[in-house]
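One structure below.
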């Protein structure tokens, strides 16, 4: 099938490579412009761009696809290329740009999106993190037909993935990327036979974009919620808190809620040992298992406590 692929991060790269391996013709890839990255802030191509160029595919990187937006010349150029390519389907995976109506209407069979949740739960920008944060036991991937709304299109195919008690966003991301790549290949293979299904009106939730301010843990919340949030924010933006005796916040990469309570004020360090740093919270006790001082490396609690003494 003749496709155009629109995507940007690692999640999308796996889908692009799977589509190529399945024999689909992809003459054009859309991805976001190169961004500064690393300590030197060197302009760096997206994972999708790297994969496309390695496969000899033309890449377009408009800053917007809105013909009436801030970059109309770039949008017009992209429109001209899409019209010339005349795709049967556009596959979209974490592209990062809004697709205006002209884009949605251009492919003969429409635009299919790989969304990292079981819709209608967790529509929006951060479905992986919000599913972990909420304590969901499962999530998955939905292949849907795109429309004007925010992840509101008809569903073609779903794949379910369990969320384990220790699953981080990094681990879940990689699993959903793999499942999503398999799902889009399967959906395209069965496209004529797949019956679009309306999303249920019940159970709609929105996965708000991550805010860096959320990374600072509020210890008056429950230990269970804090432990989930630490997993949800691993690796980005990375949860943090302040510990006595240290001037800078400490990143927390792994923690668990202990089956005990404490009358101490939230934030009180109860114990610091090789087993972990135990902190009183608004409800329960949070044990920190893996930490990172500002400018330092990740350390197990056992190593961390050797070089730290609570004031």
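Keep in mind that glycine also has a Cβ here, set from the backbone N, Cα and C atoms.
If you look up Swiss-Prot, you'll see 117, 118, 119, 120 marked as (6S)-5,6,7,8-tetrahydrofolate binding site, on the strength of sequence analysis.
Cβ neighbours within 10 Å of residue 120 ((6S)-5,6,7,8-tetrahydrofolate binding site), excluding its own Cβ and spanning all shown chains: 19. With all protein chains in the displayed structure included, the most crowded Cβ environment within 10 Å among the binding-site residues 118, 119 is that of 119. Each residue in 115, 121, 122, 123, 127, 140, 142, 151, 158, 199, 203 lies on the same chain as 117, 118, 119, 120 and has a C-beta within 8 Å of the C-beta centroid of that (6S)-5,6,7,8-tetrahydrofolate site, without being one of the site residues.
Counting every protein chain shown, the Cβ of residue 117 ((6S)-5,6,7,8-tetrahydrofolate binding site) has 25 other Cβ atoms within 10 Å.
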